[in-house]
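**Student:** Mind having a look at this structure? Questions to follow.
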Amino acid sequence: MSHQSDLISEDILAYLGQHERKELLRFLTCGNVDDGKSTLIGRLLHDSKMIYEDHLEAITRDSKKVGTTGDDVDLALLVDGLQAEREQGITIDVAYRYFSTAKRKFIIADTPGHEQYTRNMATGASTCDLAIILIDARYGVQTQTRRHSFIASLLGIRHIVVAINKMDLKDFDQGVFEQIKADYLAFAEKIGLKTSSLHFVPMSALKGDNVVNKSERSPWYAGQSLMEILETVEIAADRNLDDMRFPVQYVNRPNLNFRGFAGTLASGVVRKGDEVVALPSGKGSKVKSIVTFEGELEQAGPGQAVTLTLEDEIDVSRGDMLVHADNRPLVTDGFDAMLVWMAEEPMLPGKKYDIKRATSYVPGSIPSIVHKVDVNTLERTPGSELKLNEIARVKVSLDAPIALDGYEQNRTTGAFIVIDRLTNGTVGAGMIVSAPPAAHGSSAHHGSNAHVTREERAGRFGQQPATVLFSGLSGAGKSTLAYAVERKLFDMGRAVYVLDGQNLRHDLNKGLPQDRAGRTENWLRTAHVAKQFNEAGLISLCAFVAPSAEGREQARALIGAERLITVYVQASPQVCRERDPQGLYAAGEDNIPGESFPYDVPLDADLVIDTQALSVEDGVKQVLDLLRERQAI
């Protein structure tokens with residue numbers, strides 16, 4: 001099968017070592033319907049000897065049944081795997097294939113050419129270094145050509161190969177090639193593609209001309225074959241080595257003596273002893289060690305998954321970003337972005353969504369559409385909603401600030417996805433364009449315009465603001481415990497208030513369903529209120545089922561890890577059913593937490609109170625002790 005089969009049979013370890021050192025190039029193929037994308041990939045695999053013999057025999061048989069190439073083997077069948085694709089002779093979903101040569105490793109994304117699958121193309125392009133845009137020599141630059149070129153430009157793909165395919169049907173006429181090249185260059189100038197990043201290749205994917213080997217049928221073409229371009233295009237310089245960005249994926253605490261922050265370095269280089277700050281908090285420290293499974297490193301670069309330990313015990317949580325102290329990104333809760341809408345349900349300005357950028361997960365909304373972009377004509381038009389496959393420049397507003405870069409500067413920290421809060425489906429993909437300069441360094445809406453500082457409020461109330469979430473099954477005793485803690489704190493002269501999940505369903509959260517998604521949304525909406533109470537200096541006590549671990553993590557990002565305390569109020573389902581304070585179990589409802597739908601036990605809870613084993617008074621004492629430990633009271 002492989003060009004290196006001899007080395008594999010002689011010395012497998014040498015082969016694996018050589019293979020590991022190869023540079024990886026991710027590229028995608030796109031173009032109009034039936035331009036030959038899947039055939040091109042099949043040809044690349046076939047001519048680079050990356051097809052197993054039994055696989056080749058299988059597609060030879062299939063070619064006679066569903067092939068479109070007459071007596072020839074239909075190499076497109078190597079990639080068109082869905083039954084609907086083979087029946088219709090088109091590509092519907094993004095198909096990924098892997099192959100390698102002596103010089104490089106490759107991952108190919110074969111993207112669909114139809115307009116209704118623009119979102120699939122955007123998905124395939126998001127991680128690619130290079131795009132191959134196929135043009136049928138018979139038709140020249142088409143609407144889909146312009147659309148895919150615009151999306152490739154939008155998604156920051158820096159290298160584009162314009163493959164003018166089916167030149168055999170035009171007898172490899174140089175005039176046809178030059179005319180299509182001129183037409184494409186005129187369009188490329190409009191969308192800002194640099195001519196230095198463009199390569200034009202006349203080819204026949206079906207016959208193999210100029211795909212892997214140079215063709216004798218185009219003696220006038222002095223350039224490289226497609227494979228030569230793929231093997232030699234310079235992508236190492238595309239990596240950002242200047243701006244150190246380390247999104248924290250999780251806090252690694254295997255034992256009491258180790259606390260590290262795990263993640264993948266998005267860009268830049270980090271070394272032992274580097275001064276870093278955690279954003280958005282702005283707290284600083286130095287890198288103590290860079291830990292991997294194989295041992296410690298002196299430095300790490302883009303794409304490496306490592307665990308960083310710091311000299312100081314500063315508060316760093318999932319979603320935070322570690323950066324060099326002298327090279328900080330913007331910290332803001334608002335920015336402009338180019339957004340590709342990927343859902344059947346239209347995007348409505350002002351609707352609440354979850355915005356996921358790298359490891360941060362923050363509630364937010366899209367207040368307005370600046371303009372929609374017609375990807376066929378590049379015309380800008382106003383809009384009040386965004387439909388499936390439409391692209392627009394929008395304004396994004398977050399409920400909590402995050403650290404971010406522009407997409408051109410950093411494709412990881414400058415990109416985000418939009419998630420529907422009820423279905424958890426990805427509905428949009430965005431590229432950050434800019435952020436308001438005034439937002440730099442902001443940490444919340446409440447700040448520069450406030451006349452009363454947080455310190456003054458803390459001094460007046462004699463406490464530090466905090467939110468305590470009492471989470472557990474229905475009937476576990478959450479509300480009972482929350483109100484008892486409120487009574488005790490109030491008698492101590494503290495400013496405190498209970499936000500009860502059931503009470504809020506009569507007003508703020510009226511109409512929300514009682515299922516898992518509805519109960520998660522019930523808590524997330526209230527988390528905004530709790531945050532505002534904290535801004536006012538109060539202690540918020542929240543009694544909610546909050547069944548979703550993901551929803552609780554989102555609330556932590558919103559309120560702040562240093563302010564949110566999670567108390568798991570524990571009781572067995574049988575005891576909860578016997579207590580049944582709201583009559584939920586007796587009514588035979590089909591929305592019972594832990595029975596009708598899963599309840600994610602808070603494994604990382606700050607405190608666990610077993611209401612079967614402890615009295616209310618004992619539970620109150622444990623909560624107060626924890627508040628004192630956190631220096632809230």
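A Cβ is built for glycine as well, from the same backbone N, Cα and C atoms used for every other residue.
So Swiss-Prot lists the following for this protein:
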BINDING   31-38, 110-114, 165-168  GTP binding site
BINDING   G472, L473, S474, G475, A476, G477, K478, S479  ATP binding site
DOMAIN    22-241  domain 'tr-type G'
REGION    1-463  region 'Sulfate adenylyltransferase'
REGION    31-38  region 'G1'
REGION    89-93  region 'G2'
REGION    110-113  region 'G3'
REGION    165-168  region 'G4'
REGION    464-633  region 'Adenylyl-sulfate kinase'
**Student:** For G472 (ATP binding site) and D34 (GTP binding site), determine the Cα separation and express it in whole Å.
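**Tutor:** Roughly 56 Å, rounded to the nearest whole number.
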**Student:** Please report, as numbers and ranges, the same-chain residues at least 6 past the borders of the region 'G4' (165-168) whose CB is under 8 Å from any CB of it.
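**Tutor:** Non-local partners: 31, 35-36, 40, 134-138, 176-177, 202-207, 209, 217-218.
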**Student:** Using DSSP with the three-state reduction, classify G31 (GTP binding site) as helix, strand or coil.
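**Tutor:** Reduced to three states, the DSSP call for G31 (GTP binding site) is strand.
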**Student:** An 8 Å radius from the center of the G472, L473, S474, G475, A476, G477, K478, S479 Cβ atoms defines the neighbourhood of the ATP site; name the other residues of that chain inside it, in order.
**Tutor:** A543, V545, V569, A571, C576, T611
**Student:** Hey, of G31, D34, T111, which of those binding-site residues are within 10 Å of S479 (ATP binding site), Cα to Cα?
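**Tutor:** Close binding-site residues: none.
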**Student:** With H, G and I counted as helix, E and B as strand and the rest as coil, say where DSSP puts K37 (GTP binding site).
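**Tutor:** In three-state terms, K37 (GTP binding site) counts as helix.
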**Student:** With DSSP as the yardstick, break the region 'G4' (165-168) down into helix, strand and coil residue counts.
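**Tutor:** So the counts come to 2 helix, 1 strand, 1 coil.
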**Student:** Show which residues of the chain containing S474 (ATP binding site), separated from it by at least 6 in sequence, have their CB under 8 Å from its CB.
**Tutor:** V545, C576, Q582, L584, Y585, I592, P593
**Student:** Rounded to a whole angstrom, what is the C-alpha distance between D34 (GTP binding site) and L473 (ATP binding site)?
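**Tutor:** So the Cα of L473 (ATP binding site) lies 55 Å away from that of D34 (GTP binding site).
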**Student:** What's the most sparsely packed of the binding-site residues L473, A476, counting other C-beta atoms within 10 A?
**Tutor:** L473
**Student:** Which Cβ among the binding-site residues (G31, G475) has the fewest C-beta neighbours inside 10 Å?
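**Tutor:** Each of the binding-site residues G31, G475 was scored; lowest Cβ tally within 10 Å is G475.
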**Student:** Measure the Cβ-based neighbour count of K37 (GTP binding site), defined as the other Cβ atoms within 10 Å of its Cβ.
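**Tutor:** Counting Cβ neighbours of K37 (GTP binding site) within 10 Å gives 31.
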**Student:** For each of the binding-site residues (G472, G477), count the other CB atoms lying within 10 A of its CB, then report the residue with the highest count.
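**Tutor:** When each Cβ's neighbours within 10 Å are tallied, G472 leads.
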